Amino acid sequence: MPFRLEARGQNSVLWSWLSPVIAILATLIVSTALFAAMGKPAGDALYTFVVAPASSLNGLAELGVKAAPLVLIGVGLAIGFRANVWNIGAEGQLILGAIVGGGIGLAAGDREGFWILPAMILGGAVGGALWAAIPALLKTHFNASEILTSLMLNYVAQLLLIYLVVGPWKDPEGYGFPQTRLFGDAATMPILISGTRVHLGVLAALIAVALGWLLHAKTLLGFQLRVLGQAPRAAAYAGFSGAGLTWFALLLGGALAGLAGIFEAAGPIGQLTPSISPGYGFTAIIVAFLGRLNPVGVLLGGIVLALSYLGGEQAQIALGLPKAITGIYQGVLLFFLLAADLLVGYRIRLVKRVPAGGAA
Amino acid sequence: MNEFALITSVALSVISASTPLLLAATGELVTEKSGVLNLGVEGMMLVGAIVGFAVTLGTGSAVLGVCAAALAGAAMALVFAVLTLTLLANQVATGLALTIFGIGLSALIGSGYVGQPLQPLPKLAVPGLSTLPVVGPILFGQDALVYLSFAALIAVSWFLRRSHAGLILRAVGDSHDAAHAIGYGVIKVRYLATLFGGAMCGIAGAYFSLAYTPMWAENMTSGRGWIALALVVFATWRPARLLLGAYLFGGITILQLHIQGFGIPVPSQFVSMLPYLATIVVLVAISSDRTRVRLNTPACLGRAFNAAG
């Protein structure tokens with residue numbers, strides 16, 4: 001072997017923050033090369049993905065709108081991943097949040113009332129949390145892997161949503177389109193900055209970051225979750241309840257994903273349709289890792305990944321590239337990040353070839 | 001004669017729904033037996049599906065298409081192997097990244113192929129036997145990949161139980177430290193097992209786009225890769241039970257198509273939930289027997305190995 005990996009013994013704080021920067025730069029280089037390979041001017045890649053979305057007030061507002069659900073979900077996932085709770089079902093939890101919260105909004109119809117919006121938001125959180133309670137129950141009582149159960153529930157949730165919007169909840173005046181009626185005024189998220197689409201969910205995401213950081217860094221519960229992830233045996237000896245922490249991590253992640261769902265449905269979308277989320281639940285996994293499983297980092301990670309969505313849309317409109325290119329960038333970014341993370345825990349030592357018999 | 005025709009057609013559709021599950025799960029079983037958990041099955045299958053489709057359409061040769069799909073799946077697995085085995089990245093996270101990447105990559109390659117028709121994979125006919133009623137088409141009139149799925153399962157079963165190399169592979173999966181101390185190349189074995197898993201997933205994907213529904217559509221495997229992963233747990237890492245699981249799920253998939261034909265008034269979306277719900281039920285049933293799961297799970301599954309300590 002030409003090199004040897006030497007454990008640092010303690011994770012390098014410097015590298016844990018340098019590694020995302022390296023990963024982002026490497027992804028930009030690869031994307032530039034990919035654009036060039038597809039016969040598009042290479043400089044356009046950088047421009048479409050980074051400069052264009054961030055160069056106007058409206059662009060920045062859109063960035064916030066796209067980042068909000070990613071950050072909301074990412075905060076919950078980061079706390080779960082720390083505890084080794086692999087919730088891959090945020091997409092389904094998001095959908096259930098939209099269904100429960102949206103159901104309340106539809107039931108309210110055109111009624112006025114200050115209670116409608118809070119009830120919808122609460123409904124969204126409860127819907128997401130209940131959907132996440134299923135893998136939690138199956139994990140703690142039946143030992144079933146939450147990775148596979150939470151993932152399967154994504155498909156079930158998507159089918160349930162389709163059933164509702166083509167069946168009982170379909171808009172009778174919607175010309176047969178698979179969608180519900182538009183939410184009434186009292187059931188729509190208020191716009192925070194007039195002239196943009198910045199809605200209540202953006203503020204909620206910032207609050208989630210702050211509360212998530214407090215939980216993570218300042219509470220005993222946050223400490224217990226971290227110990228459970230890093231040293232499950234130590235957690236058991238210390239008397240922490242593994243099942244209780246698993247429940248907490250999944251319910252929290254589910255509630256935040258459900259919130260993201262209702263904010264999307266009653267915010268930028270304004271009704272329930274079969275495509276509430278362009279894969280936010282999966283992208284938030286990357287956001288959580290890019291943000292170093294730290295709520296404050298998740299905020300930065302969410303903004304970076306929101307750029308990839310805006311850039312993907314731009315690439316589609318301006319350069320005629322398929323939308324799927326977003327998924328490639330997101331995958332490549334996570335690849336580079338995971339590779340660069342090697343340096344967080346290890347030093348690379350070059351090994352000189354020593355003649356046989358010499359000290360290695 | 002009518003019942004014969006019905007039985008034959010149901011049996012044939014069950015086989016075609018089960019074959020990709022069996023192919024992918026057989027590959028993943030070998031990977032996991034070596035101690036590597038690759039959650040990227042869905043992504044590798046999708047890339048295999050589009051590459052197999054594109055090469056078959058371009059060259060007119062399904063053999064080349066299937067080979068290209070296997071190579072594409074192995075190439076995806078190689079990315080996973082470099083990250084997790086050489087660079088010691090977290091296997092769960094890397095597998096998820098592989099799936100996200102594979103969904104995007106297959107959609108990008110496939111954007112020019114949506115809606116293009118393709119001749120389905122030819123059925124091999126054993127002269128004289130394939131015309132027998134019922135058993136003829138079921139046993140002697142399948143396409144080559146169906147036979148390959150059985151051959152691969154038997155070969156893997158023999159390899160793991162009877163061969164010396166299979167013994168080493170199991171040792172690496174159960175105790176990498178001990179295997180390393182004896183002098184086996186832990187990383188090399190895991191690379192090979194991961195690449196084999198990727199190639200099988202690529203072929204499974206090609207079965208979707210060449211035989212099951214001979215066309216390309218974005219995300220056409222719709223979660224079958226994840227079901228294949230669940231099947232490995234269901235089988236408690238034993239090949240014979242994998243066969244049972246794959247055909248059970250193939251049966252459920254087909255049941256879903258026939259339920260409405262029986263006149264049962266259930267909305268189609270609820271019927272479509274069946275395979276996913278069944279996966280959860282089966283996982284719960286197997287996993288709740290903690291002792292059996294612990295005894296059969298490769299002890300080093302998902303754990304990184306670094307020879308330098």
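In case you wondered, yes, glycine gets a Cβ from its N, Cα and C as well.
The transmembrane segment feature in TrEMBL is assigned to B:6-24, B:36-57, B:63-88, B:95-114, B:134-160, B:191-210, B:216-237, B:244-264, B:270-286.
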Requested in this report: Would you confirm whether the transmembrane segment (B:270-286) and the transmembrane segment (B:36-57) meet the contact rule of 3 or more C-beta pairs below 8 angstroms, pairs 6 or more apart in sequence?
Outcome: no
Query raised in the report: Any contact between the transmembrane segment (B:191-210) and the transmembrane segment (B:63-88), i.e. 3 or more CB pairs below 8 Å with pairs at least 6 residues apart?
Result: yes
**Report entry** Cβ contacts under 8 Å made by the transmembrane segment (B:244-264) with residues that lie 6+ beyond its boundaries
**Finding:** 10, 13-19, 21-22, 25, 227, 231, 234-235, 271-272, 274-275, 278-279, 282
Query raised in the report: Residues sitting near the transmembrane segment (B:6-24): Cβ under 8 Å, six or more positions beyond its termini, same chain?
Result: 41, 45, 133-134, 137-138, 142, 145-146, 148-150, 152-153, 200-201, 203-205, 207-208, 211-212, 221, 224-225, 227-228, 231, 242-243, 245-247, 249-251, 253-254, 257-258
Report summary line: Outside the transmembrane segment (B:95-114), at least 6 residues beyond either end, the same-chain residues with a Cβ under 8 Å of its Cβ set are 37-47, 49-51, 53-54, 57, 76, 79-80, 216-219, 225
Query raised in the report: List, by number or range, the same-chain residues at least 6 past the transmembrane segment (B:36-57) whose CB is under 8 A from its CB atoms?
Result: 20, 24, 28, 64-66, 68-73, 76-77, 80-81, 84-85, 91-92, 94-103, 105-106, 109-110, 113, 116, 118, 173, 190, 193-194, 197-198, 201-206, 208-210, 215-216, 219-221, 223-226, 228-229, 301-302
